[in-house]
Each structure stands twice: as C-alpha cells, then as structure tokens.
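Trainee: First the structure, which I've put down as structure tokens, then a few questions once you've had a look.
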C-alpha cells in the first residue's frame, strides 16, 4: 500500500515547499519512489501551456517519479489570494473528488506521495469547506512545517491541537528558520520538542534561495 503524507504549515510563507523539496530529495537518496503533489495553488502565472505555480514546479522537479504538471497541480489559480477567493474569481469549484482522484493516480505510480497543502491548516477552499476537511476525509498522516519566528510556538501548538481534534496524527514536524535574526532560536526548538507530538524530522537553516535546497540541508 502506498504511503501518503500531507504537509502543512503554521502559516503561509513558512517554508512548506523548502521542506517538501528536502523530503523528496531525501526519498530519492534512499531509493524511495516518491511523488510530490500540490493539489491547490494560488499565485500562478499564465503560460502558453496553462497556469504554472512556482512551488508546484519545484515539487515536480524534485519528485522521484516523472510527472506531468497537471498530475502535480490540478488546481492552479492566478490571484495571490486565498484559494477559495481565487477559485471564485475564476468561476471554479475545488472538488474533493478531483483531489482524491489525483492522489489515487499518483499512488498508482509511486511508493509514497508527499502532498503539500496551501497556506495553513485551516485554509478555506470554499465558503463552507477547508482543505483540512479533505485531509480528514482521506485520513492522511500530517507533517507540520514550523516557520521559526516570534510567535511561532503558539501557532505550532494550536495547529497541532487542531490536527488532533480532526482525528488525525501529526507524525512529524520540521523547523524552518525563516528569519536569521530570530533570538533564542535554540530555546524555541526545545519548546517545540517538548510540546509537539510526532518526530522532529529536521531543522532547515535560513536559506534565501530555494534552488539551493537539497536533502543534505535538512536532518531527516
């Protein structure tokens, strides 16, 4: 049975794609046939081949399995806003069945699937549903990316509690140092280790350029 994991963040812009790329590189190093999946993405760019999202392109490039863009990212919206508003602007509806069909397709081509979410855990994909509702439907184990900065402890602990309240397991978490000037970094990590369930999968040092990320950059 193919393993699938959902990767979320404590907020938007906390390094989900950095962590996804590192995990995919680690899988490649371990000879694990892992596919990356970014089912919903805003802030995409129109091209001759259709909408393209930079995060989804990074995930496509890092996947061990060779994938077409549409296999990686079925919903790509142009506006850099919440997916539910971006979809509404473009007259689209984000369908859970489409997300599930895409996941099952990737499972058939791989040994494991890493699914990167959009925004944080409770990001809305319509006026009535959240992306986390789909994760709950699929009963997926969750990996949390913590953007280490002032205030992240509360964000991380509240997110972990929400995941647990949804009946899902937080199997691991990654600390990403998004601000090189963050004071008391070591103390923050200790508090995360004490208060978050699941395994600390690694710490990502501050990296201004995503292209420099390889599996060696994260302690998996």
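If you go along the chain as it appears here, the first residue is 1 and each next one adds 1.
From the backbone N, Cα and C atoms, a Cβ is placed for every residue, glycine too.
From a predicted model like this one, the values you see are computed outputs, not experimental measurements.
Okay, these came from Swiss-Prot:
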ACT_SITE  38  active site
BINDING   13, 14, 15, 16, 17, 18, 55, 116, 117, 118, 119, 176, 177, 212  ATP binding site
BINDING   17, 55, 116  Mg(2+) binding site
BINDING   42  substrate binding site
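How buried are these features, and what lies next to them?
Mentor: In the three-state DSSP classification, residue 38 (active site) falls within coil.
The local packing around residue 116 (Mg(2+) binding site), expressed as other Cβ atoms within 10 Å of its Cβ over all shown chains, amounts to 30.
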Trainee: Which whole-number value in Å describes the distance between the Cα atoms of residue 116 (Mg(2+) binding site) and residue 42 (substrate binding site)?
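Mentor: Cα-Cα distance, residue 116 (Mg(2+) binding site) to residue 42 (substrate binding site): 13 Å.
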Trainee: State the count of C-beta atoms found within 10 angstroms of the C-beta of residue 119 (ATP binding site), not counting that atom itself.
Mentor: 21
Trainee: Report the member of 13, 55 (the binding-site residues) whose C-beta atom has the most other C-beta atoms within 10 angstroms.
Mentor: 55
Trainee: Would you find the one among the recorded positions 38, 177 whose Cβ has the most company, meaning other Cβ atoms within 10 Å?
Mentor: 38
Trainee: Around residue 15 (ATP binding site), which residues of its chain at least 6 apart sit with Cβ under 8 Å of its Cβ?
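Mentor: Listed in sequence order, they are 9, 145, 147, 174, 176, 178, 204.
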Trainee: Between the Cα atoms of residue 42 (substrate binding site) and residue 119 (ATP binding site), what distance do you get, rounded to the nearest Å?
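Mentor: Spelling it out, the Cα of residue 42 (substrate binding site) and the Cα of residue 119 (ATP binding site) are 10 Å apart.
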